[in-house]
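Written below as structure tokens is the structure these notes are about.
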């Protein structure tokens, strides 16, 4: 009888298919691990930004007399929209501001465990509507912008809130 080796070819094809399935499963597992890691990193950045946001709100609500807003933020209160590095740009100032700008101008809050940077915030005075001309407005509004960084510089979250005083 003449043998043709069909069993050998079939077994090699089966082995090749099983190897490819194993490689695909490993790649899928690695991708899922990366996605989970990125999600954890982003959640950490959001937590850091939330810490800064609450810290700023607490600061504003503790003021007996609100400081005067200045274009350079010297009193830790900025005049609205004076932080833009490129005023002609259509993007908001907080989208233009990089890590160095936040380090130089933002007010630091306590760093959450796992974050690589202190979360920072900026307080802007929003010009209130004066219903009764000739009298100062009785209510002041402040926009707080907070920036948090996760476990890497790739995860950055910016949150905003408005505080009435």
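Every residue gets a Cβ built from N, Cα and C, even glycine.
What TrEMBL says about a protein is an automatic prediction, not a curated fact.
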Using TrEMBL as the reference, determine which range in 6-26, 27-47 is annotated transmembrane segment.
6-26
Under 8 Å between C-beta atoms and at least six residues away from its ends: which parts of the chain pack against the transmembrane segment (6-26)?
none
